Structures are given as C-alpha cells and as structure tokens.
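Below you'll find the structure, written out as structure tokens, and then a few comments.
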Amino acid sequence: MYKTKKWSRFQHKISAFSHQAEKYQPSVIRRRVELQDRRIMPGKVKGLMDRLHDGESVVIAEGYLHLFERRGYLQAGAYVPEVVLEYPEMVRLQYEEFYRAGSDVVLAFTYYAHREKVSLIDREADLEKMNRTALRMAREVADKTGSLMAGNICNSNIYVPNDPDITAKIKSMFKEQIEWAVEEGADFILAETFSDLGEALLALEAVKTYGKGLPVVVTMAWHKNEVNGRPATIDGVEICETFKQLEAAGADVLGLNCARGPTTMLPLMEEVKKCIKTPLAAIPVPYRTTKAEPNFQSLTDPLSGKRLFPEDLNAALCSRSDIKEFGRRCQELGIQVVGVCCGNECHYTRTLCETLGRTVPASRYSADMSKHYIFGTSEKLSTRYTSGEGKQHTA
C-alpha cells in the first residue's frame, strides 16, 4: 500500500512538472502573448457587412483540407477532416497561424464535415462532434484575436437536378451544419465550392431558413463547362444568370472560390462584376491554371503530361509575386472579400495582406534582403560576396 501511494504521489509530481515546463516553453509563451495582446471583448468586433459597407477589405484564409493532407494528417481521396478529432490542437494552431498571417476571419474547418463524406469512412457517429469541435476552437481563437468566426457549408457531392429525394438529403445536411454553426457562435456563414446553381440556391435557402439572420457569403467553383460559348455551371446556367439568381435570392456576398487559380479566376470575376451589385468575393487556389487547363483538377505536368491533381500539384504552385498581382487586381476591381483556397499556406495569406497595404503579426519576418550575404547592401556584410568574386560565382 505504501509503495502504491508513494508511486502515485511521484507520478502526480512528474505530471505537474511536465505541465509547467510545457506552459513556460518560449514558443508557447510567444504564441499566448501574441493572441492575448489582441484580445477583444465579445460583441466588440466589427461585423462582416459593416466592414464591407465602410469600403474595407476582408481576408479569409482557407485551404485546410489540402494543407493537412500535405502534412500527413488527412487522406487524399476521401478528404474527410478527421484531423479535427484526432489532432485538434493542430487545427487550433493553424487557426492561430492564419490569424498571424493576416486573416480577418477564423473559418471553422467544417469543409467536407458532412454526412456524405463521413459515410465514406464509416464515421457518421462522429459528425456532430467533428463539427462542434472545429466550431468551438474557431470561436475561441476568434475571441482571443479579435477576429470574425465563420461557419462553413459546401458542395455535397450528391446533387442531381430535379431529384426530390436527393434534394431532401442535401437540405438535411445543410440544416444540421448551419444549426451547429449558429449554436457555436458563428458571425456569418460561408457557403462555398458549388458547381451547380441549383445546389448553391439550396444552400442559400438553408442559411436564410436556419441561420438566424447571419450574413451569408456564397461562392461558386467554376470549372470548364460552357453553354453557347459562355462559361456555365455544371447544371447549364451561364455565369451572369447564375449570379443574378443568387443575388435575387438574398446572398450578402457573391463570388468564386477554389477550382481556378488567379489567372483564370479574375477574368470571370470581371464578368460577375458587370452583372450584380452585391459585394464580391474571390478566393482562388494558388496554382498556375491556364486557358487550356483552367482549373487545378485539369492541370498536367509540362514534363510528363500526367495529371498533377492531387499529389503533384506543387509543380504548378503560384509564386508570391503571382499572389501580389492577384491582390492588386482585386483592389482595382473593387473585390472586397479575398483569400486563398486549396493549396494555401501562411506565406500566401501574408503576401496578400501586405499587398492590400497591411502590416500583420507575421510581417515581422517578411523578407529583408538588405541583410543577405550576396544580395544585401548592409555595410556589415562582406564585399567579397556582395560585389566581388563571391557574387560573380554565386549570383
């Protein structure tokens, strides 16, 4: 008995010591200080529509799905956000990192956290917990950082036009995710990545019905379909008519996300701008899509001719200069809601924010080439490399 109690006390002391040691690690302290210094009382954060009404831009960092796949926490193919339940602190940390990079919105990672997806891996029993965990962490980080928090619904992958049974299933999927988002304190709902107008209208109707008055941003994923030579949804509605119908149905913000990179998305956004008066959103993937290969699913390797999606997409990644140009064009077009979707990393979000004229927490570490040993100008550097034979043989 004595040994058991003694061992128990020893374990307790070790556990307490480990907790305190972790608590005071420099990286943990820095992260907590950064967040706490910007903490704003709930209810004091300026809302989405107020910002847009005042002419401000709003940056939304997306791309969790492919980000966690690249890091080994999520499986390509099924693309179910199991990481939310299995490694929740990784998700929380990514929320915080996107904030540091300048995102105005903590977007809850509930993309593809719906019944169609979880059924593929037999985890329907975990669906509500998966959603609420992602939402609660997003709300907590948003409160600490003075950010907005958005709930997220998306393409169901089962939509069939004019099929009452399928429509009922999709409505039910949207309903539960929207209700969870409302209950967990979302500031607005992002309904995204729809390739069919019919499904986008179902999503918008669901937010209007169950969203308790929250603003709704609706974004379409535009692929390669055309009708009479004009860009069209998969269910055959040309681009201008698509956005006119969504505007008439009451969307607060409209635009495009995913599928296309900046080069092939911006021409479509120019068309959308001519058709509607609603505030616009543009959230492309950071890949160099082309007129011949307009979406990232169609990209091929210029060397082998093989499809890049999903594992070799890094061969077509945008440069930071590409993202700067995207941000500049969005400013010229008056596109207020901007971001980067699948393929995003923090350096893209930071680059976009800095292009918009912002200084964000991560700007502390933006490049300063004046200190580079070859390309620098500092008097402290060796001239052998900045202007002499060293530079001749290296640059």
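Don't overthink the numbers, they just go from 1 along the chain as shown.
The backbone N, Cα and C atoms fix where each Cβ goes, glycine too.
Given the structure is predicted, the values throughout are model-derived calculations rather than measurements.
The domain 'Hcy-binding' annotation in TrEMBL covers 46-356.
Annotation comment: TrEMBL describes Cys258, Cys341, Cys342 as Zn(2+) binding site. Cβ neighbours of Cys341 (Zn(2+) binding site) (same chain, under 8 Å, six or more residues apart in sequence): Glu62, Gly63, Asn257, Cys258, Ile283, Pro284, Val285, Pro286. DSSP assigns Cys341 (Zn(2+) binding site) to coil, not to a helix or a strand.
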Beyond the site residues Cys258, Cys341, Cys342: chain residues whose C-beta lies within 8 Å of the centroid, for Zn(2+):
Glu62, Gly63, Leu65, His66, Thr193, Ala221, Asn257, Ala259, Ile283, Pro284, Val285, Phe296, Val340, Gly343, Asn344
Neighbourhood of Cys342 (Zn(2+) binding site), C-beta criterion under 8 angstroms, separation at least six
Glu62, Gly63, Leu65, His66, Cys258, Val285, Phe296
